[in-house]
Amino acid sequence: MELIMIMYASSILYLLFIIWKRIDERRDKHCYILDYQCYKPTDDRMLGTGFCGELMKRTKSLGLLECKFLLKAIVNSGIGEQTYGPRMVFAGREDNPALADGLVEMDEFFHDSIQKLLDRSGIAPLQIDVLVVNVSMLACIPSLSARIINHYKLRHDVKVFNLTGMGCSASLISMDIVRNIFKSYKNANALLVTSESLSSNWYSGNDRSMILANCLFRSGGCAMLLTNNRALKSRAMFKLKCLVRTHHGARDESYGCCLQKEDDQGLPGFHLGKSLPKAATRAFIDNMKVIAPKILPARELLRYGVMTLVRKMRRGSAKLAGPRPVLDFRTGVDHFCIHTGGKAVIDGIGANLQLSEHDLEPARMTLHRFGNTSASSLWYVLAYMEAKRRLKRGDRVFMISFGAGFKCNSCVWEVFRDLGNEKGKANVWEDCIESCPSKNMVNPFMEKYGWINQEDPSTFNKDSLVRHN
């Protein structure tokens, strides 16, 4: 009898041990953000209104029609005149950039933001177990990740991932890599670096689908420290709740709407096709279908399902059918981090999700102040929310990004502590956050260069672009 009791007790203890082990393993598979640092280039790289006029003047391929197109595009883009460009543009070498220009652009970002991040966090370079770098339009040998390893003298066994060609949604792809690595390794620290190189892709031709990129894309970047070490959990800013990736590369129309290519004269640049809005909408809808059940409460999903069913039953009568039901993402999300792909992108997401101007303010202000910094733009939006002290413990932040391919990636973060009161943290918004949101978002380009619209092609002289500065 005692032997049977011992066997029963041993079985129960073993079962409890297995349960505890599984729970313990799951605790180490979470992904936390310890800290992040957005990059703010120096003021001598600021693309002001006057300098942009000079840049248009010296671009030989631009005629009056192209100048009118550029003026309309930049005025409608939502971008202000305090955004940043690559140094080679200010040096007058945009027609023939060198590989060194792209490397200098990246090194300035690496040495500034990564160093600030490591100094503030107290994490030493030798404590980094994983390095993920994404810069879509610059590939070099040794890789950009190798440049970081060499400069900061990371360990020889650091796990390295160097991503190119992933477009504006690359930071969430990088985050997904880190998340999956954390499932296999305990107590790991990861450094995630996300940026874009404009130096080698500044377009000097006159193809409208390619000069549009010069109006939208600006210099920037972000470095992040992530961990699954439970001992560091108390220091975490955010915890990753879920992440969904949608890729429509199998559709030719979606695949071809964003391309790095050469124009008819052999000039390299970034093509933005007319099918882009349609491709973005399809990818966005498919992504929302997957992530909505993961983040919204059951009552909201039930409400949406019932309303959809009722509408289908009334389809025979247009008056009775009513408007198409929309999921209210605000029932499961407190803040929206929207990719700053342009004013039309922000407006489109806002309309589809029925967001308020308060919800869209961080993305609008980021686009106006920093432009579209590609994959790093989400983190400037997040930094705006932090600077405004909107992020409180327990809040959920919904990130949505788009990228070439065509891709739509999204994720949800849980805020782990009240943010915005940290002393000594360099936030890229600290010099202007008190004046945000700006009361006057009118782009000064129209005021300065609106006269172009009344010019006659036969008498137009580009020298007048500088005289009007």
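Along the chain as shown, residues are numbered 1 onward.
Cβ atoms here come from the backbone N, Cα and C positions, even for glycine.
The following features are taken from TrEMBL:
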| type | residues | note |
| --- | --- | --- |
| ACT_SITE | CYS168 | active site |
| ACT_SITE | HIS247 | active site |
| ACT_SITE | HIS335 | active site |
| ACT_SITE | HIS339 | active site |
| ACT_SITE | HIS368 | active site |
| ACT_SITE | ASN372 | active site |
| DOMAIN | 25-312 | domain 'FAE' |
| DOMAIN | 333-414 | domain 'Beta-ketoacyl-[acyl-carrier-protein] synthase III C-terminal' |
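Shown in sequence order, ASP359, PRO362, MET385, ARG390, LEU391, ASP395, ARG396, VAL397, PHE398 are the residues of the chain, 6+ apart in sequence, with a C-beta less than 8 angstroms from the C-beta of HIS335 (active site). The least crowded of the active-site residues HIS247, HIS339, HIS368, judged by other CB atoms within 10 A of its own CB, is HIS247. Less than 8 angstroms from the CB of CYS168 (active site) sit HIS339, GLY341, ASN372, SER374, ALA375, SER377, SER401, PHE402, GLY403, ALA404, each of them six or more residues away in the same chain. Helix, strand and coil residue tallies for the domain 'Beta-ketoacyl-[acyl-carrier-protein] synthase III C-terminal' (333-414), in that order: 38 helix, 21 strand, 23 coil [DSSP]. Of the recorded residues, HIS247 (active site) and HIS368 (active site) place their C-alpha atoms 28 Å from one another.
Within 10 Å of the C-beta of ASN372 (active site) there are 25 other C-beta atoms, taking all protein chains into account.
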